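J.: This is the structure, below, for whatever I ask next.
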């Protein structure tokens, strides 16, 4: 679905290669202090949530101690330091909110400063209320766990070490200042171990979360690339494709589907709105999956479409992919295959016929020379000669058709070339009146000159034969349509009957007794070999053949 335009580079997945142009990403992995502009927005939001958690903890402490601590109410020596600590922490909460909003300083610096501040606040508060026995030290654990998850484990052990050192310093201060027993050190030591355990657990969880995030990113990139490949494949399919889910909504389609149906489609719309016949056919197919339906699409001209439906998966049995096949194109392709096989057969027959045909012609000439006095023999030898000549022309046309792929395509100034061609045609066919030519200046096409001469000579000779042979009865007109140059050969003679138009370009179809029926067929095949298309374009009066140049090799208008 070259499927993707340009190179696609995937994110570096856990020490994987980084594509060109991702130098900033490589530096981000090498630098522990990630700049604010390169830190994912999710990390900053997590830091803001941690700051909100800090505020709620302070408010909860104030309410809990004020309600449940009798000593806090009666002891001014406890209440005033506590209020100073809480006021300072609230000021820091506001300051942290401002720095998080400004994204300065960097994320790692802000996180470490906030964790250290929390450790100092909680350890000071714990010391104020009697040390480890107060139970406030347990509040260190959720802070360390949250910081570990936010930092993705890069600074978690550092934060645990800071908390442990603060706890040991507080306990040592109590031993020195209050002659506490060393037997009371077990609880602080256990709390220090808990800090490192929570830090390690946060580190492992963060690594798991990081791996899951990278895997999700990789899967997202893979899915995006797969969707682009699928869409490109859909656009390159020659048939129309419409994907309909079990509820009748359009999930995917390609441009060819819109062209064939003549309707504008939108993903998510009900297929019954623009294409009610298609919706009915899909519903019937879901009831009986052996059905093959046909519908007549809208638009101009109307086309007969064959619907070929395929279920997407067993998990979604109602979802169906509908192929819209143009029956006209299928018939044309089938006809082309038959004609190609017929062409190979006739080419082989032509080689076999040529030698005996030459012998018959030579014998007829000798017989005519010996029987010049007998009118009956003269008429019979003339019949032999005429039919042998017709067979010779047919053999020559077939062999010429077999050599149509030997191209020498060059750029041709169509206006100048047509002027020279018409002068030659008038001289050879002894045509007195001028043949009108309408062609814009500097029209350039790519075509084999010999092939173009052969095609136009056939069209011009047929046109002159059937026209009124007066001034303006045979005209050549060059126009531009849809980026392609068109050459119309028009004559004012009788139009081709409608029933004959269907077989007009088929081999051996002719309305003349002396014709071979290969002229127009060979002309069309030669045009196809030169990336052009020859059709009969019926006008209101007369007859008109049209050559469209540059149909399948990019030969579009480059002349302004």
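Each Cβ is built from the backbone N, Cα and C atoms, and glycine gets one as well.
Residues or ranges marked as domain 'PAS' in TrEMBL: 232-262. Annotated domain 'Histidine kinase' per TrEMBL: 348-553, in sequence order. The transmembrane segment annotation in TrEMBL covers 52-70, 82-100, 120-144, 156-173.
In terms of burial and nearby residues, how do these features look in this structure?
T.: Mean pLDDT for the domain 'PAS' (232-262) in this predicted model: 86.
If you look at the transmembrane segment (82-100), the same-chain residues 6 or more away from its ends with a CB under 8 A from one of its CBs are 44, 47-48, 51, 54-55, 58, 61-62, 65, 72, 110, 114, 117, 121, 124-125, 128.
With a cut-off of 8 Å between Cβ atoms, the residues of this chain six or more beyond the transmembrane segment (120-144) that come close are 53, 57, 61, 69, 78, 81-82, 85, 88-89, 156, 159-160, 163, 166-167, 169-171, 173-174, 180, 184, 187-188, 191, 194-195, 198-199, 202.
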